[in-house]
C-alpha cells in the first residue's frame with residue numbers, strides 16, 4: 001500500500017494530518033513537514049470541478065511535502081478518474097476520496113458525507129480511480145449519517161467499497177455526521193465519539209488498512225489508538241498546536257532523531273517565505289498557519305499577537321518573524 005518513508009520501516013499512514021478546508025493549504029503543509037519528516041500530509045479537499053474547470057493550479061505543492069496525498073471531492077467516477085490521473089502525474093503519493101465532510105456546500109455538489117448513503121456509487125468511484133492509477137486510493141468517511149448509524153450499516157458500507165471498489169484503506173472519523181441541522185464545526189463536536197466501534201471495525205475487517213480520526217489531542221492518545229488501529233489521523237490539534245508534531249518521528253515512528261526545535265523551524269521557513277513573497281504571496285497567508293507553534297511556551301501569546309498585527313502589512317517579510325521570535329526567545 002502506502003510507500004514507506006525512507007528513514008523508517010513504518011508506513012507513513014501510521015500518523016497523518018487530516019485534510020482541513022481552508023487550513024491545510026500548501027503553505028501549511030510545507031510548515032508541518034519541517035516539524036515531522038515522516039507524517040503523512042493531506043491537501044485540503046479539492047473538487048473535481050475545480051481541477052477540471054478552474055483557472056488556478058489546484059494541484060500545486062512543494063516537493064518537500066512528500067509523502068503527501070490529494071483529497072478529492074466528487075461523485076462522478078469518470079471525472080474522479082481523470083483527476084486521479086492528473087494527480088499521479090504530478091507526483092502525489094495517494095488519492096483520498098472525501099466521504100466524510102457534512103457541509104451544505106459539499107452536499108449540494110453531491111460529495112462528502114452524503115455519499116455514505118450510496119455505497120455502490122462510492123465503490124464505483126474508487127474502482128474508476130484504481131483502474132487508472134498505481135498509487136493508493138483511499139476513503140475517508142464517518143461511522144454513519146443521520147439515522148443510518150447502526151454498526152451493520154457501517155459494515156455494509158465498508159464491505160461494498162472494499163469488495164466492489166477494491167479499496168484497501170479507510171480513514172474513519174469516529175463520529176457520525178448529521179447532514180442537516182448542524183454546521184460543519186458542530187458536526188466535529190456534537191456527535192459523540194465512538195472509538196470502540198472503529199476498533200471493532202478493524203477487528204472485523206483485519207485484511208483492510210484502517211486509520212482512526214476524531215478528537216485526538218496528544219501523542220499519548222495516538223499511541224493508545226495504535227494498539228488497535230493501523231494508523232492515526234490528527235486534525236484540529238495538529239493545526240492549533242503544531243508543536244506536538246515535533247516528537248512524532250521519534251515517538252510514533254521510532255526514528256533515531258532529535259525533536260524539531262520550534263525556533264529552528266521558523267527560521268527554516270525563511271527561504272520558502274522569501275521565494276513565495278517574490279512570486280506575489282502575502283506573508284500573512286503563510287504565517288497564519290504558524291500562530292500556534294509556541295503553544296504552552298512563555299511568549300506564545302506575544303508571538304501570536306505580533307504576527308497577527310504585523311504580517312498583513314504592506315511589505316511585510318521575514319523580518320516580522322524574526323522580531324516575533326525575540327518575544328519568545330527572550331522568555332525561553
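The backbone N, Cα and C atoms fix where each Cβ goes, and this holds for glycine too.
Residues annotated as active site, proton donor in Swiss-Prot: 101. According to its DSSP assignment, residue 101 (active site, proton donor) is coil.
Annotation comment: Swiss-Prot describes 19, 20, 21, 71, 140, 173, 213, 214, 215, 235, 236 as FMN binding site. Counting only same-chain residues at least 6 apart in sequence, those with a Cβ under 8 Å from the Cβ of residue 140 (FMN binding site) are 19, 71, 96, 97, 98, 99, 100, 170, 171, 172, 173, 213, 233. DSSP assigns residue 140 (FMN binding site) to a strand segment in the three-state reduction.
The site 'Interacts with tRNA' annotation in Swiss-Prot covers 98 (among others). Counted within 10 Å of its Cβ, the other Cβ atoms near residue 98 (site 'Interacts with tRNA') come to 23, all protein chains included.
Annotation source Swiss-Prot lists site 'Interacts with tRNA' at 185 (among others). Secondary structure at residue 185 (site 'Interacts with tRNA'), taken from DSSP and collapsed to helix, strand or coil, is helix.
Positions annotated as site 'Interacts with tRNA' by Swiss-Prot: 188 (among others).
Residues near residue 301 (site 'Interacts with tRNA') in space but far in sequence (CB under 8 A, at least 6 apart, same chain): none are found. In the three-state DSSP classification, residue 301 (site 'Interacts with tRNA') falls within a helix. The site 'Interacts with tRNA' annotation in Swiss-Prot covers 301 (among others).
The Cβ of residue 304 (site 'Interacts with tRNA') has 291, 292 as same-chain neighbours under 8 Å, each 6 or more residues away in sequence. What Swiss-Prot lists as site 'Interacts with tRNA' is 304 (among others).
Each of the recorded positions 185, 188, 236 was scored by the number of other CB atoms within 10 A of its CB, and the lowest score belongs to 185. Only 188, of the recorded positions 101, 185, 188, have a C-alpha within 10 angstroms of the C-alpha of residue 215 (FMN binding site).
Comparing Cβ neighbour counts within 10 Å across the recorded positions 21, 101, the minimum falls on 21.
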